[in-house]
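Now, the feature entries from TrEMBL:
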TRANSMEM  12-35  transmembrane segment
TRANSMEM  41-62  transmembrane segment
TRANSMEM  83-105  transmembrane segment
TRANSMEM  296-315  transmembrane segment
TRANSMEM  327-344  transmembrane segment
TRANSMEM  364-383  transmembrane segment
TRANSMEM  389-411  transmembrane segment
TRANSMEM  418-440  transmembrane segment
TRANSMEM  452-472  transmembrane segment
Amino acid sequence: MSVLRKILSDSAFTALLSIINILRGFVVLFLIVNLLGPDSYGIWVTIIAAVSMVSMTASVHLHGALIRYTSSDPSNNQTYSDVLSLATLIGLVTFGIGAIGSVIFSLYSPTVFGFDTPHDLVFATSTLIAVRIPLKVNLNHPRAKGFVKQYEGVRILRNVMEVTALAIIFLLGGNILAGIWGIVGVSVFLNAGIFSYVYIHSGLPRPEVHNVGKYIRYGVPMVPAALSSSLLADIDKYFLLFLLGPAPVGIYSVAERVCKPIVNLTGIFNSTLYPTIASAWDQGDYEVIEKAYEYIFRYYTILAFPGAVGLVLVAEPLLNIISTTEIARQAVPLVPIFILGYFLKGYDNPLRYILTSVERTRTIGIAVTLSLLVNVILNLTLIPTMGLSGAAIATLSAQGVLFFMILYVSFQEVRFEIPWITLVRCSVATVVMAVILMLLDLGNSPASEMLLDIGVGGLSYFAVLFLIGEFSSEDIKLVREKLQSSLQF
């Protein structure tokens, strides 16, 4: 199978996971906002962001080392054994630190975020971090072997299990603390299940201590990038939490959640790009890599233009469905700002795999760190004067800086063509779509308005693209083939 065909086949299946991820986010948002309130949702997203940040930093990008070096170790699971052992050790150390922290909190901090027993919250959060470090390695084992569909299948199972557990917990009256323990339980189950499956079916060699240095040397340069990326995505929430309180964080996060599907349009390539581009680079298939990126950016442009404008137009009815009228009123003005930032992020996400393949991980770290610095300065400047809009503008500005830096450096390594003609055609079709939707008064309820806008908007957009010659017969044939192959698991 060619590099391009493998990317397309794997990403078509990954699209299913993206849809499930989007639905999971909306379900959790709906449950917490409507059952516990926007302040609880603000606390929830802040805790989950902190867990993600700490676990990514502490794991020193071991899942990346697993993917990078398994390609040169295809005959057995030595790399997996080494990396999983190291990740488990780091997880145990993290758990110990968290246990000590919970004792300190019980002695010196009477209340945190409204919890009378903050040590319970700290202990649960540190436990979640500890189990997520080896889980990241376990989840990426099939991906490192090139079995991207199986990797996505496990991630789908994880999402379904987590959202089911959270739904049961919150519907039965559980709070945020109970929700964290629910995710801990799912993570422990998956760690045990994946490890047992690999051990029974393939066996595991003893970990080789002399290999640890190789994994650390690869992963450590990515720690600043991982930490900065996490902070870049979530530091606005930390500032809002301490400057304005948890309820504004909840409103802000609701608006952000509505806009995140834009990134999923290229996010579906992430699972396969990392190992596939690295392998193609090692084999010297540079022209194939160029063609792959030309296809990815053309595809993204075609879908992202109407998606971005469409989300702005349906934001109000969608927010009214998943939250409350008051939250929707405050969140709607933030949507266009978030949309533009995520639109740019959709372009720079795939580019990073060029830099990881040529082992320029330090460059990614520098770019993300500089963007983070811009974000921090602007957040401190704009939040006190502009509130939620200031935080959104700060994040957009930082994302713009990151996009142009990553694009410039990636273009030095791979000279792919930018789809200028497609950009112009998509702009024209998007303007026509927006005019049609603004002139028509569709639906008599938020749900019907949103569904009709999506249907009419999509039909008008793709009809215009077809009429002005964007799609060829080869495009239509390729889409049909990929849809058929994606159903073959």
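Please read every residue number as a count from 1 along the shown chain.
Cβ coordinates are placed from backbone N, Cα and C, and glycine is handled just like the others.
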The transmembrane segment (418-440) vs the transmembrane segment (296-315): 3 or more CB pairs under 8 Å: yes
Selected stretch (most C-beta pairs under 8 A with the transmembrane segment (389-411)) from 41-62, 83-105, 296-315, 327-344, 364-383: 364-383
Stretch in 296-315, 327-344, 364-383 most in contact with the transmembrane segment (452-472), if contact is a CB pair under 8 A: 296-315
Residues from the same chain, set at least six apart from the ends of the transmembrane segment (296-315), whose C-beta lies under 8 A from its own: 7, 255, 258-259, 261-262, 265-266, 269, 331-332, 335-336, 339-340, 342-343, 346-347, 350, 416, 418-419, 422-423, 426-427, 429-430, 433-434, 437-438, 449-450, 453-454, 457-458, 461, 465, 470
